[in-house]
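S.K.: Here it is, the structure in full.
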Amino acid sequence: MIELKDIIKTGNIIKISPEETLSSALSLTRTSHDSVFVFDDKNSYMGVINPYYCLIKSSFPGNAKVKHCLYHPPKVRVHFSLAKVAGNFIESKVHYLPVFDDADRFLGIISARHLLSFYRNSPFLSQIQVKELLKSKKRPVITISDEESVTTAVHLFKKTRVSKLVVIGRDFKLKGVLSYYDLIAYLISPKNSEHKGEREGNQVSFYHQKIKNFVKTYAMTLKTENYLSQALDLILKKKIGSIIIIDGEKHPIGIVTTKDFLAMIMRNGNGKKADSISEKLSNQGLRIGGFFNQVNSKVKKFQYTEIRNLLFKNSIKRFYSKYILQS
């Protein structure tokens with residue numbers, strides 16, 4: 001059985017001095033879940049720089065010193081179970097965490113991607129279809145029109161606490177993905193500058209631009225009939241954080257993320273069998289599945305276009321009351 005001590009990374013850790021600027025630290029990251037580890041001149045660990053906490057939870061300017069922007073993630077102890085480590089990743093939203101011994105000595109780091117790589121060939125993932133996972137999710141995929149402004153997108157990022165928004169066109173078909181990280185370069189411009197007025201003018205212009213100017217049109221997709229093993233394989237192979245699930249007409253109907261797989265490890269530990277996990281996922285989705293079965297039986301006389309529009313506007317409650325309760 002794999003233990004944390006066997007998979008700690010001790011070399012090639014991204015480090016930075018507390019005297020450097022936030023912009024310098026963020027330039028070393030690739031996603032909003034990344035960490036840059038801060039050490040003082042005595043090589044003592046101080047904390048991390050993480051895009052999510054520096055820019056979403058806080059609003060530090062790019063010229064701020066690293067020492068003023070520190071985030072202190074959960075301290076992973078070397079004796080922690082992998083299930084507990086997975087929980088720390090989910091709780092903190094940081095996918096690179098420091099590992100310490102019981103004497104509080106820094107030993108190295110552990111990454112979510114490295115942890116998930118040891119579950120890549122787990123038999124149970126090849127036995128559970130994506131649709132079973134989607135049934136267990138508590139909220140629908142968060143979508144936004146490509147005609148919306150950056151202001152609307154930033155507000156949605158902060159309100160929903162997601163790191164990616166699925167972008168759709170007027171036909172509700174997938175147009176791409178917008179991540180908060182894609183906007184970082186525009187969000188960290190210094191607040192104090194000799195050219196403050198000019199920068200503020202640029203910021204105003206930026207916030208009013210349409211997000212279609214920033215969206216990544218290349219997005220990895222799967223169908224509900226695919227298996228979780230395929231989703232995890234794509235996440236690891238392509239070094240991405242999520243897979244968009246689409247229907248036959250390219251409408252986004254769900255999303256599978258790194259967090260979903262971490263949650264499986266957290267709930268099921270190191271050795272649950274495929275059938276028990278599948279049963280758990282299925283049981284969690286019974287109520288959701290039953291609801292949509294009712295919907296299908298009640299609304300088959302209505303045209304697909306009207307139903308689709310209501311669903312994609314996240315109006316499930318209104319839809320339910322209109323077509324079910326009044327029938």
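Placement of Cβ uses the backbone N, Cα and C atoms for every residue, glycine included.
The domain 'CBS' annotation in TrEMBL covers 66-128, 137-194, 215-273.
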S.K.: Which numbers of helix, strand and coil residues does DSSP report for the domain 'CBS' (66-128)?
M.R.: 24 helix, 14 strand, 25 coil
S.K.: Go ahead and report the DSSP secondary structure tallies for the domain 'CBS' (137-194): helix first, then strand, then coil.
M.R.: 19 helix, 15 strand, 24 coil
S.K.: Please count the residues of the domain 'CBS' (215-273) that DSSP assigns to helix (H, G, I), strand (E, B) and coil.
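M.R.: Tallied per class, the domain 'CBS' (215-273) gives 21 helix, 15 strand, 23 coil.
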